[in-house]
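Here is what Swiss-Prot records for this protein:
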- Tyr54, Gly111, Glu144: S-adenosyl-L-methionine 1 binding site (BINDING)
- Cys60, Cys64, Cys67: [4Fe-4S] cluster binding site (BINDING)
- Phe66, Gly112, Thr113, Gln171, Arg183, Asp208: S-adenosyl-L-methionine 2 binding site (BINDING)
- 45-278: domain 'Radical SAM core' (DOMAIN)
Amino acid sequence: MTNIALLQSLGLFDARVPRYTSYPAAPVFSGAVGADFQAQAIEALDPAVPISVYVHVPFCERLCWFCACRTQGTQTLAPVEAYVGTLLQELELVKQHLPAGVKAGRLHWGGGTPTILSPELIHKLAQAIKAVIPFAEDYEFSVEIDPMMVDEPKIRALSEEGMNRASIGIQDFTDIVQNAIGREQPFENTKACVETLRRYGVHSLNTDLVYGLPHQNRESLAATIDKVLSLRPDRVAIFGYAHVPWMAKRQKLIDETVLPPDIERHELANLAARLFTEGGFERIGIDHFALPDDSMAVAARSRKLRRNFQGYTDDTCPTLLGIGASSISKFEQGYLQNTAATAAYIKSIEEGRLPGYRGHRMTEEDYLHGRAIEMIMCDFFLDLPALRARFGEPAETMVPRIAEAAEKFTPFVTVDADGSMSIAKEGRALARMIARLFDAYETPEARYSQAS
């Protein structure tokens, strides 16, 4: 039996499982955990330990059909200006609970399209954030950039405010693919954007691609990757397209009949992995690549890689503070998501209330299962002695789960003499399915994307 046939027999192309960018996954969050928890968690922060800050800008001038992110379209700047004003109000509410001296080791603007902001709004928002949570000495400020919605004045403003890493969404450069997903983005515009970023001193660059898109094939993806390599990014993520039109209504505009079949989709992922590794990148986890001297590659080699809502990260900050509609915070005590609908989020802020509306209070069992899953997703290795050292006797509950994984996913999963579990290189596409065996929560499969 070929490797791909064996993976298919194990259910790789049928399973729908979490991406495990958090544990527990967001569908487990409950309305029983809200703004009071949010306030208490902020008040408990240690000023000596830098935090990460995520700011969500949900607006886009165009809504790409493939996207399942929390976004909304606008053709004018008026709602964006009003929203930035609300972000500033939220920062003031956070400030009321924030211990003096807390600093940001990481700041990330995501969306949506953060570069829909005018230069004036960029300055206004960045300065308001830094007034409440100043940068730590060795900070990273990254921004998601749409090359079709950015110009030199915006890049200059971001650079002046301290942006030192840019994340550029690409998806695919092929015309027929772009037309099929409602996204126009010529390579020439992207190249010009990258050149401008570097001219303004932004030398750390991430690019995001997607495989499994309509009309995508080996030739078109290879051509896209060749162009991406010419841009010389430090990191690349290539995510599998999640076709969930029952959740993301705009995906109904995509013709399902021209989506690549399961096996071809898997081969596209393998092709991308081969081309990027041949291009000098190291493979990171299930869907990221980084140059050998990049901090993410260094973290992966030393088993210090972590998962967060952006995917893989080398961020060592234990706290993620989410600002903006639908943003999610991660505290030592658990997770908290802000109100998702922009209008409801604004109403909460205008009433002087923190906007947290659902979350999850972590238990010691959650920490154990979460760390086991993170090891699987990041290292393809579950270090049982390390779990025993950290969690003590409860770590023994992992033993039957390890045995189940080894039995169910033979020959890709093996158990070492000390009880640790390893996933073979040929079976790493199964990582999310294997991680599911260590998930203590049952949630409907329809909420998740295809495992491959």
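The backbone N, Cα and C atoms fix where each Cβ goes, and this holds for glycine too.
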Around Gln171 (S-adenosyl-L-methionine 2 binding site), how many other CB atoms lie within 10 A of its CB?
24
Collapsed DSSP category at Cys60 ([4Fe-4S] cluster binding site):
strand
Max pairwise CA distance, angstrom, over record-listed S-adenosyl-L-methionine 2 binders Phe66, Gly112, Thr113, Gln171, Arg183, Asp208:
15
Quick check for the class: what is the C-alpha distance, in angstrom and rounded, between Cys67 ([4Fe-4S] cluster binding site) and Asp208 (S-adenosyl-L-methionine 2 binding site)?
13
In whole Å, how far does the CA atom of Gln171 (S-adenosyl-L-methionine 2 binding site) lie from that of Tyr54 (S-adenosyl-L-methionine 1 binding site)?
22
At a 10 Å cut-off from the C-beta of Glu144 (S-adenosyl-L-methionine 1 binding site), count the other C-beta atoms across all protein chains.
20
So, three-state DSSP: helix, strand or coil for Asp208 (S-adenosyl-L-methionine 2 binding site)?
strand
Relative to the Cα of Gly112 (S-adenosyl-L-methionine 2 binding site), which of the binding-site residues Tyr54, Cys60, Glu144 has the closest Cα?
Cys60
Of the binding-site residues Cys60, Cys64, Arg183, Asp208, which one sits closest to Gly111 (S-adenosyl-L-methionine 1 binding site) when you measure Cα to Cα?
Cys60
Using C-alpha positions only, work out which of the binding-site residues Tyr54, Thr113, Glu144, Arg183, Asp208 is nearest to Cys64 ([4Fe-4S] cluster binding site).
Arg183
Between Arg183 (S-adenosyl-L-methionine 2 binding site) and Cys60 ([4Fe-4S] cluster binding site), how many Å separate their Cα atoms?
12
Could you give the Cα-Cα distance between Cys60 ([4Fe-4S] cluster binding site) and Phe66 (S-adenosyl-L-methionine 2 binding site), in whole Å?
14
Rounded to a whole number, how many Å is the Cα of Phe66 (S-adenosyl-L-methionine 2 binding site) away from the Cα of Glu144 (S-adenosyl-L-methionine 1 binding site)?
17
Measure from the CA atom of Thr113 (S-adenosyl-L-methionine 2 binding site) to the CA atom of Tyr54 (S-adenosyl-L-methionine 1 binding site) and give the result in Å, rounded to a whole number.
14
Integer average pLDDT (0 to 100) for the domain 'Radical SAM core' (45-278):
96
So around the [4Fe-4S] cluster site, Cys60, Cys64, Cys67 aside, which residues have their CB within 8 A of the centroid of those CB atoms?
Arg62, Leu63, Trp65, Phe66, Cys69, Thr71, Thr113, Gly182, Arg183, Arg250
